[in-house]
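Asker: According to Swiss-Prot:
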SIGNAL    1-26  signal peptide
DISULFID  Cys29-Cys43  disulfide bond
DISULFID  Cys36-Cys48  disulfide bond
DISULFID  Cys42-Cys52  disulfide bond
DISULFID  Cys47-Cys56  disulfide bond
MOD_RES   Tyr60  tyrosine amide
Amino acid sequence: MMFRLTSVSCFLLVIACLNLFQVVLTRRCFPPGVYCTRHLPCCRGRCCSGWCRPRCFPRYGKRATFQ
């Protein structure tokens, strides 16, 4: 009986540890200068054009001119 109780306890402990690792790994974030997406967030700053940056700068390019 003691062996069965110990093996069940170990099995439940393994399941609890796997759930904990899953939460830790899925909630990770990336430092500035690393590739990011909407599903892979940045730790600090924002995801600008696919890269973690402290702040996003406006994109320069062709703009409409008003007269």
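In case you wondered, yes, glycine gets a Cβ from its N, Cα and C as well.
Mind running through what each feature is packed against?
Answerer: A sphere of 10 angstroms centred on the C-beta of Cys29 (disulfide bond) encloses 12 other C-beta atoms.
Here the Cβ of Cys36 (disulfide bond) has 23 other Cβ atoms within 10 Å, regardless of which shown protein chain they belong to.
According to DSSP, Cys42 (disulfide bond) sits within a strand segment. Around the Cβ of Cys42 (disulfide bond), the number of neighbouring Cβ atoms within 10 Å comes to 19.
In this structure, Cys47 (disulfide bond) is part of a beta strand by DSSP.
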Asker: If you count the other Cβ atoms within 10 Å of each Cβ, which of the disulfide-bonded residues Cys43, Cys47, Cys48 comes out on top?
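Answerer: Ranked by Cβ atoms within 10 Å, first place goes to Cys47.
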Asker: Cys52, Cys56: which of these disulfide-bonded residues has the highest Cβ count within 10 Å of its own Cβ?
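Answerer: Buried the deepest by this measure is Cys52.
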